[in-house]
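These come from Swiss-Prot:
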- G16, M17, S18, G19, G20, V21, D22, S23, M42, G132: ATP binding site (BINDING)
- C107-C204: disulfide bond (DISULFID)
- C107: active site, nucleophile (ACT_SITE)
- H133: site 'Interaction with tRNA' (SITE)
- C204: active site, cysteine persulfide intermediate (ACT_SITE)
- Q349: site 'Interaction with tRNA' (SITE)
Amino acid sequence: MTSIEPTHLGKKVIVGMSGGVDSSVSAYLLMKQGYQVEGLFMKNWEEDDTDEYCAAADDLKDAQAVCDKLGIKLHTVNFASEYWDNVFEYFLAEYKAGRTPNPDIMCNKEIKFKAFLEFADEILDADYIAMGHYVRRRDIDGTSQMLRGIDGNKDQSYFLYTLGHEQVARSLFPVGELEKSEVREIAKEMGLITHDKKDSTGICFIGERKFTDFLQTFLPAQPGNIETSEGEVIGTHQGLMYHTLGQRKGLGIGGLKNSNEDPWYVVEKDLVRNVLIVGQGGNHPRLMSNGLIANQLHWVDRKGPADGSNITVKTRYRQQDVPCRVTYDSDDILRVIFDEPVAAVTPGQSAVFYDGEICLGGGIIDALIRD
């Protein structure tokens, strides 16, 4: 493990302590670098059942234990109202409109790097905030760039593309310089109880519940037909909002007569007729796109790539970068043409653009280009 010499004596950092290993090690590394470190635990969702309450209470307990071990203060704050207004209502509206949003991206934009930063500034007098995200920051020519995390498998820049360079400049990402295995090793060496804690998965307000069960409590079911791409009715669905392009599981249409053994995939959602359209094979022509139109553009450096640039794009998390060419239809509408067709590009999701290691920013996928 590389030692880090103290170089930041006196600068105050508020670390978002989630009760997980990444934020735990982030706090330790910043202390080792000489920062004055305090923790802040966010409550972003008002639980309505015992299981969710226990999960949040356990996370707070773990965060407190880590802070006690490190000898730092832990503050708590409730952002449930801000989360509901700025993240959850957007999430529901997008699903109601037949799109597939990413609430984690909106949470980072509105809560972790806005409400959290404002609270850390105004109440806790912070110089910086820090999170356990796997990204890196690089300061160059008076601006702050966001780079992919060293651990390519854990890189979370896709979820942080809505940050501006001012927010990046106020943020520290210690674990972005490490592999996940190194983070767990450090936590174990330091005797932190989170060293072997399982990484959280899924959307925080859903927890371990089934997604469809959760969504049905807020959006009533709207049953309709499932059709093949040739127009044959082969089943029914409970609501288009429960399905996403490229989905394979949970369709309930296996073992049909007169069909080959290739699995069925969702290839389109017909919102006008409330019909789910499916096709066989992961490379079904109606599942493929040659490009996309993105809007609600956000660039970390405010400028964005030049018109006609050849860069790369991710249309979903953990996807390999896709080489592409970008042109502007307007200041807030970007036309993206892939070098090769891409499967299951999904309206409502984010397209995030890169120039090598640099995360440039991105936008919301509004439409697909298929010719």
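Heads up, residue numbers simply count up from 1 along the chain you see.
Note that Cβ sites are derived from N, Cα and C of the backbone, with glycine treated the same way.
Annotation note: M42 (ATP binding site) sits in a strand segment as assigned by DSSP.
For D22 (ATP binding site), other Cβ atoms within 10 Å of its Cβ number 28. Remark: S18 (ATP binding site) has F41, M42, D59, A63, G132, S200 as non-local neighbours, by Cβ distance under 8 Å and separation of at least 6 in sequence. The ATP site in the record is lined by G16, M17, S18, G19, G20, V21, D22, S23, M42, G132, and its two most distant CA atoms lie 16 Å apart. Separation of the C-alpha atoms of D22 (ATP binding site) and Q349 (site 'Interaction with tRNA'): 26 Å, rounded to the nearest whole number. For Q349 (site 'Interaction with tRNA'), the nearest neighbour among the recorded positions G16, G20, C107, H133, judged by Cα separation, is C107. Look at D22 (ATP binding site): DSSP puts it in a helix. Within 10 Å of the C-beta atom of M42 (ATP binding site) sit 25 other C-beta atoms, taking all shown protein chains into account. If you measure from the Cα atom of G20 (ATP binding site) to that of C107 (disulfide bond), you get 17 Å. Here the binding-site residues are G16, G20, and the one whose Cβ sees the fewest other Cβ atoms within 10 Å is G20. According to DSSP, G16 (ATP binding site) sits within a strand segment.
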